[in-house]
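According to TrEMBL, the protein has these features:
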DOMAIN    4-126  domain 'EamA'
TRANSMEM  28-47  transmembrane segment
TRANSMEM  59-76  transmembrane segment
TRANSMEM  82-102  transmembrane segment
TRANSMEM  109-128  transmembrane segment
TRANSMEM  134-153  transmembrane segment
TRANSMEM  165-185  transmembrane segment
TRANSMEM  197-220  transmembrane segment
């Protein structure tokens, strides 16, 4: 579970940085750039080791889920606050637990208690006494991010394709769907300054490629529906 813990730490730092630059880099620019540059950075891995042929359709689903998780997350923190966006996305383990229960799986009481305790701790640490802030639209984006992230974790579980190769395919799907949006806002991309490009570079490497790769490493080695627990 060390890779997952490291991924969560990097995501928290990346979320704080994204919130800092969100007014300077709008989501319609940041989201496509994050997918496209992550895809290009991971491209040599797939050229050297293509994904497992039998898992290509499943990897497409992983990519769609990742696209939704990231897009809705940034829309959430743009419409609300970083703390609200992070907390709502961190509801994903609870959704996975609920899914397991609906399927009739028997989970140990300590696992259910652990999920509840983790949610309470995340709320107190991330949100704090001020509570969730933002309108209904921002909260809806955050909940959609949690649903997408839960689907991403569930679909990625048990993949035989190496973690970073699977991530490259997933970011490629996101890049494909977001390229038209990036094309419509090309002038905003050209207007980015050195500080904004530095933030984008950080979010691509230490906010996307490294943490999502670590997360997939953890998911591929975990036999539970709650990969972030």
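Note: Cβ is positioned from N, Cα and C throughout, glycine not excepted.
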Touch test for the transmembrane segment (134-153) and the transmembrane segment (59-76), at least 3 Cβ pairs under 8 Å: yes
Intrachain neighbours beyond the transmembrane segment (165-185), with Cβ under 8 angstroms and 6 or more residues off its ends: 26, 28-29, 31-33, 35-36, 38-39, 42-43, 45-46, 49-51, 56, 59-60, 62-64, 66-67, 70-71, 152, 156, 159, 208-209, 212-213, 216
Result, the transmembrane segment (82-102) in contact with the transmembrane segment (28-47) (3+ CB pairs under 8 Å): no
Taken over the domain 'EamA' (4-126), the model's mean pLDDT: 81
For the domain 'EamA' (4-126), residues assigned helix / strand / coil by DSSP: 104 helix, 0 strand, 19 coil
